[in-house]
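Peer 1: Sharing a structure here in structure tokens format.
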Amino acid sequence: MENRWQVMIVWQVDRMRIRTWKSLVKHHMYVSGKARGWFYRHHYESPHPRISSEVHIPLGDARLVITTYWGLHTGERDWHLGQGVSIEWRKKRYSTQVDPELADQLIHLYYFDCFSDSAIRKALLGHIVSPRCEYQAGHNKVGSLQYLALAALITPKKIKPPLPSVTKLTEDRWNKPQKTKGHRGSHTMNGH
């Protein structure tokens, strides 16, 4: 029988970022209770030797599975050190990989309070609304002018510790373009 290869997208992440993310997930599962229904699988519960952990996040009748890996081939930089993360959306027998931004949006659909567009309508009708969004990572678009105006009136409350963002977990903090000052010293430009 010949070898069968399965190719997966694995985001290279440094070890400390993975540790921080796991810690945030466990805190919100066991202490704050904001991640009710999430399931954390340790490395010793997995039959695969390269899997460091898995977090299963129920999304209705589907689920999001964030798997962290160790012992992979090192990346192009010394600090990659063979650590990585894959993000998978599963429903029954179907599964597909998703990017970190979409994962954060899916999580936000089901978890964490949000001051959303519906809050504007509720406020006009005199109903009590949640005055802030607890999970800013789930928003990657600019809101309506009404939403921005109402959101500007209410200062967001800082949540300690922050909620676990998949985008934050997979972002490349070393290869971001360096910001330099413009001609007058006040404007910023991205590497130009």
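Using N, Cα and C of the backbone, Cβ positions are placed for all residues, glycine too.
If you look up Swiss-Prot, you'll see His108, Cys114, Cys133, His139 marked as Zn(2+) binding site. According to Swiss-Prot, the compositional bias 'Basic residues' annotation covers 176-186. The region 'Interaction with host APOBEC3F' feature in Swiss-Prot is assigned to 14-17, 74-79. The region 'Interaction with host APOBEC3G' annotation in Swiss-Prot covers 40-44. Here Swiss-Prot flags 75-114 as region 'RNA-binding', drawing on sequence analysis. As annotated by Swiss-Prot, region 'Multimerization' applies to 151-164. The feature region 'Disordered' is assigned by Swiss-Prot to 164-192. The annotation motif 'BC-box-like motif' is assigned in Swiss-Prot to 144-153 on the grounds of sequence analysis.
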Peer 1: Within the region 'Interaction with host APOBEC3G' (40-44) only, compute the mean pLDDT.
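Peer 2: Looking only at the region 'Interaction with host APOBEC3G' (40-44), pLDDT averages out to 89.
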Peer 1: According to DSSP, does His108 (Zn(2+) binding site) sit in a helix, a strand, or coil?
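Peer 2: In three-state terms, His108 (Zn(2+) binding site) counts as helix.
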Peer 1: Same-chain Cβ contacts of the region 'Interaction with host APOBEC3G' (40-44) under 8 Å, 6 or more residues past its ends?
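Peer 2: Distant contacts of the region 'Interaction with host APOBEC3G' (40-44): 22, 25-26, 29, 51-56, 70.
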